[in-house]
């Protein structure tokens, strides 16, 4: 597989992992290892920047910053102001100046807000952040964010945590066709075949969390997603044949055996 | 991955390969190697059992019988009688007494004939063959074939060579639920994500030919399918979470940062 | 809409109705009326040919034989012998010598048996019945049944009573392309859009039962299906445009307003 | 069917028509008549407000303003400023102060711009327009537009003119669930079954143009869409049964005929 470049960094893995919902920090650590990932996203609220008593407060102790790029996310922010504040706080606390920008005012479907996301992205890019925005599969919005200086666009396949796959396939195909920054499919990816499908379509990477964290065996599932991403990307680079309407014999049907 | 048992043999790979349509016998040989397959199907008409002048006559020289189980297929047979005749001829010529039973009277879509397939299967099982029938995704027919003593059932995902994936998903799910013999998804699998999907559904194996043979780089594509099958099977064994209608936050949304 | 001809009879409606699951015989009668149907199928077991105490025994009192063609069905038959016996019994009792042939050995999914269905069809055609067989969406089987003298083929869209629509779309398209007898989509049709879709594909008719019978308002739903079938058939006859990959402006984009 | 209310007006038809691409103004007029529509959208550039030489300049002569609400659209506008300017020009020219707001900077897929659309909507609502914005199927954007005072939201099913149906089904379902204004599915609707599907989902109306205008027989196709919309809405109001995973017998399978 060719390596993936985001902003000024290069990665050999095309699978990003989230850190929510794991049964324990130990299982999370082992799943990160099995997945081969190099980019790990953490909800800023969990990282206990405030010194409070969050039971997940020590999550960062389980993620080796030498091995993984820590990607703080603004999950839980309901508007641009909250998201910007969270990102600044993370930078102040010494985390990398990268941010996965998530703004979702609706608690039921956690769908991203296009208006507030673009607004926050402009502010954060201006302040020197490397911004990876989570968005609906909206090609025009993706273009605006690219033009605003975002390092990637991260369209959703289906709402967060639903495991329903790439329901927005056509829109993501258009985003991929038009983008000059990496396209990372985020949310909805529930099984390795979904991840492989995203890569076959030409997506640059995928982000997976729920599907691995809630599996009966998260470590084995992390390995399965690693294989799925490699399968899809390898196929993309190998050059796929096209779909046909009729059947196409795999061996010539003329000259049937005469004996 | 747990191993796959068909009749009295056990295999570590769950990917079967066909041998049609490759640009050369050399590329076919290398693709077989890259795929990790242990079962290779060959059209009997191509194997030149009759000593004729088929340009593919020497295909068997490129398939090591120590490494691969050679699975003769009856592709091109239009009824039970032709299929039985081909199978017997192969056995007489010293090939393994296994047969992939394909009977398709219609040259356009190459869809299998349920009536003639069951008839031929009964005859060949009686004669001691290990029979792997290619069928439409018909659960009742699958049950009849199992009861007739077939070693597997091989339902199609979509017509041969179309690369359209598992269009018959619901029917194959029922076949898997009801079968006591291995279920091998055959035909229609066009990209590794399709192969992974079949394995995630609980299929025991997949057979791929066109998608690998017509890729720009068949060897890389064979590797991609190996990874896809491993991804899907590993996920199946790791225990998948379920699909949801609503979103499900990957981190708690209450207790938002107060600072 | 052009009329529909089956065997030697011509119908102006392309919607057939089943009579199971209605809350009352009165609601069934009114739904039949609202649907505009001219062909009504009745399970022979319900018609109380044996003079027993079935609570639905008087169902025939609610179906005017002058207005509707009564189509006895062999629902519940598990093999050819049982189906043939039921059909003969109906004819002896003075019902029309038409039969909807249903043979489903599996009580869970009620999927039809291709082998037994073809066997029974041959017998019943020989005995002068007009035979309309319910089948899996199997184009080769459909061809065998047509050649056996069946008056239609009735492929399923999805298992009976599931309301899931035309999951077998590709296979039914092939059946329609190849058939010389009317193709009636039966089972799985859950909403009027499914019925319209079948007609747009070129199916000759659809059979609906569960979706109407279990609606909150069966009479209104019967009317909705009538409209759906007319919509789809009218569109088919009006000649549809094709699908495109790109957008296509509905008004020229050049020469934008200069003012 | 219950009537549809948008802003302060009530309509008995739930089918809106566009006026582009028809073979002639006469065929457009007859298709409007056959469709039963009461709302007709016209590209402002075509209405020749500037007194230029557009060959479609006289399109308004073919649309009776007593019978149809004329809904000017801003098709071709690439940003908020252009759209606002077009709407004002129409009002000045004496057209109704209603506007279908379309802003699509990308000429290939004609996808709407969420940022510019919200901006223009706010301006036009402030100026007293009744605003019906065309949008991507983005539930959060739909909420913003509703809060800005728009009279409807008009999410796309698929890119304009593609006839591919409701590819964004899940997102539109969420929009319908959350909206307090009518939801009109616009773009992508290619056959009556697509229109029926939208209505069955609970959409309040659909807008169709290309599928009717490019049909071999636009008048018959307009009638087909009228029927499809009525079918879907009638079914929605009749209360649909749910989908099942297993089959469900339409007649009891116990107590099989003993004779």
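Each Cβ is built from the backbone N, Cα and C atoms, and glycine gets one as well.
Residues near residue A:100 (active site, schiff-base intermediate with DXP) in space but far in sequence (CB under 8 A, at least 6 apart, same chain), listed by position: A:41, A:71, A:72, A:73, A:74, A:132, A:133, A:134, A:154. DSSP assigns residue A:100 (active site, schiff-base intermediate with DXP) to a strand. Residues or ranges marked as active site, schiff-base intermediate with DXP in TrEMBL: A:100.
Around the Cβ of residue A:161 (1-deoxy-D-xylulose 5-phosphate binding site), the number of neighbouring Cβ atoms within 10 Å comes to 26. If you look up TrEMBL, you'll see A:161, A:187, A:188, A:209, A:210 marked as 1-deoxy-D-xylulose 5-phosphate binding site.
Residues or ranges marked as domain 'Thiazole synthase ThiG' by TrEMBL: A:5-252.
Within the same chain, the residues at least 6 positions away from residue A:210 (1-deoxy-D-xylulose 5-phosphate binding site) whose Cβ sits under 8 Å from its Cβ are A:18, A:20, A:21, A:160, A:161, A:163, A:190, listed in sequence order.
Looking at the residues that bind 1-deoxy-D-xylulose 5-phosphate per the record, A:161, A:187, A:188, A:209, A:210, the two CA atoms farthest apart are separated by 9 Å.
Per-residue confidence over the domain 'Thiazole synthase ThiG' (A:5-252) averages 90 (mean pLDDT, predicted model).
Chain B lies within reach of A:161, taking the recorded positions A:100, A:161, A:188 and requiring a CB-CB distance under 8 A.
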